[in-house]
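Single-structure report; data block below.
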């Protein structure tokens, strides 16, 4: 497909799924002939492309079993690495005593530094995946994740633990960075919503489940056991993924096909239909610049990434403070406090069910009604999802402040889980649909913003609550979230105009 923000169209009668399956055959361009104005494509005989729209080697045409197996493997990895971001949080109190840490900022940072790895990882991983393909990047990052997690388990002091956590986050950012790209490789637009829902479960449910398991592990075995369990689980998933994850990136597959045909035929003039003509060094540099360029040249990418970053920051602020809130306000034990995270988990599952059941159906309904598929058709569910976020913060903050029954603030956090899941899913599918060719890059830009907020915002949490209290502290966050509620409406109305405006075109 050509560079740009929309999937290029050929004519009004060609479906989006057929355009994606045909690949560059549809992009060579129509030639106007004299016989009645009919159009015919002229194909270079040295151009190596898919063997027609139904080529089984094209990941869009893989069997359902193969797609589901790959998606489940990617979803498992995407669940595990965010799980590692928060599983350690309930054991921080033990670590503080073991390492004689007196700084509250440092005790928060040892949790959130993992997300700094999420910030820098995508800037390297996304270009590598678009240069060398998805498969090898997954495998290398999975192995590195296991190594750094084991290092965390044996960290001798706080400084080394911070460093090891950073590198674990760096490697662990892989599935969050290129997972959406893998799904875009395998699923056409009208099937993408359900697959994206399965993949998105990890980054949102993983951090919620982590503290529940981590609290009981820390109480029973000590804080290091969080890392032992993570390393064992990651090792098992890494081994299974060696067999279940196959290369799905079309440019890489066509490049391999081209090399094979060159060897078989001796025709060195053969070239991939998706070959840009750039050297690997040029491609890598372009790919590194691409996420940053998309982030700062496209208002859509910037504002939606900022919004998701704010919500993700709120999530991790809760992770680093909810333990002290329920221990101080409600006298919960270390084990019991882990259960307070279940409100976020239940809310996220509700949000996942709602968006998974409606995203593709709504897209197809609006497309049938209006005669074409638009990325903006992913946005309507985001309106109620955005409203749930400030409701959650107001409810959680004031009920915890006045020490109402403990179930009420937990119910309040469930609204954050629901709103967060719906918002994250709508934003992810919208960006992937709008930037399908560069799905990994646009999600890298989104992940960087999201992770930066998740790493830094929790550092301000303890002082904010100390100055403003639980009520007004969370209300401040709620008012900020309330201001962002206008975004889905703005992009529903003006999104297409912004995407297609020459002023905001992102070219490479």
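Using the three backbone atoms N, Cα and C, a Cβ is placed for every residue, glycine included.
Annotated in Swiss-Prot:
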type	residues	note
REGION	1-60	region 'Disordered'
CARBOHYD	61	N-linked glycosylation site
TRANSMEM	73-93	transmembrane segment
CARBOHYD	100	N-linked glycosylation site
TRANSMEM	108-128	transmembrane segment
TRANSMEM	143-163	transmembrane segment
TRANSMEM	166-186	transmembrane segment
TRANSMEM	197-217	transmembrane segment
TRANSMEM	225-245	transmembrane segment
MOTIF	293-307	motif 'Peroxisomal targeting signal'
TRANSMEM	299-319	transmembrane segment
CARBOHYD	331	N-linked glycosylation site
TRANSMEM	335-355	transmembrane segment
TRANSMEM	379-399	transmembrane segment
TRANSMEM	407-427	transmembrane segment
TRANSMEM	435-457	transmembrane segment
TRANSMEM	475-495	transmembrane segment
What is the one among the glycosylation sites 61, 100, 331 whose Cβ has the most other Cβ atoms less than or equal to 10 Å away?
61
Within the same chain, where does the transmembrane segment (143-163) have neighbours whose Cβ lies under 8 angstroms from its own Cβ atoms, ignoring anything closer than 6 residues to its ends? I mean 6 or more beyond.
81, 84, 88, 95, 99, 101, 106, 109-110, 113, 170-172, 174, 224, 227-228, 230-231, 234-235, 238
Taking residues 6+ outside the transmembrane segment (197-217), which of them lie with a CB under 8 Å of any CB in it?
71-72, 74-91, 175-176, 179-180, 183, 225-226, 229, 315-316, 319, 322-323, 334-339, 341-342, 344-345, 348-349, 351-352, 355-356, 359, 417, 420-421, 424-425, 428
Using the alpha carbons only, what distance in Å do you get between residue 331 (N-linked glycosylation site) and residue 61 (N-linked glycosylation site) once rounded?
56
So which of 108-128, 166-186, 335-355, 379-399, 475-495 has the most C-beta pairs under 8 Å when paired with the transmembrane segment (299-319)?
475-495
Under 8 Å between C-beta atoms and at least six residues away from its ends: which parts of the chain pack against the transmembrane segment (379-399)?
311, 314, 347, 351, 354-355, 358-359, 362, 408-409, 411-416, 418-423, 425-427, 430, 470-475, 477-479, 481-482, 484-485, 487-489, 491-492, 495
Please report how many Å separate the Cα atom of residue 61 (N-linked glycosylation site) from that of residue 100 (N-linked glycosylation site), as a whole number.
57
Which range wins on Cβ pairs under 8 Å with the transmembrane segment (73-93): 108-128, 166-186, 335-355, 407-427, 435-457?
166-186
Would you call the transmembrane segment (435-457) and the transmembrane segment (225-245) in contact, using three or more Cβ pairs under 8 Å, pairs 6 or more apart in sequence?
no
So, in DSSP terms, is residue 61 (N-linked glycosylation site) helix, strand, or coil?
helix
Given the model, what does the mean pLDDT over the motif 'Peroxisomal targeting signal' (293-307) come out as?
90
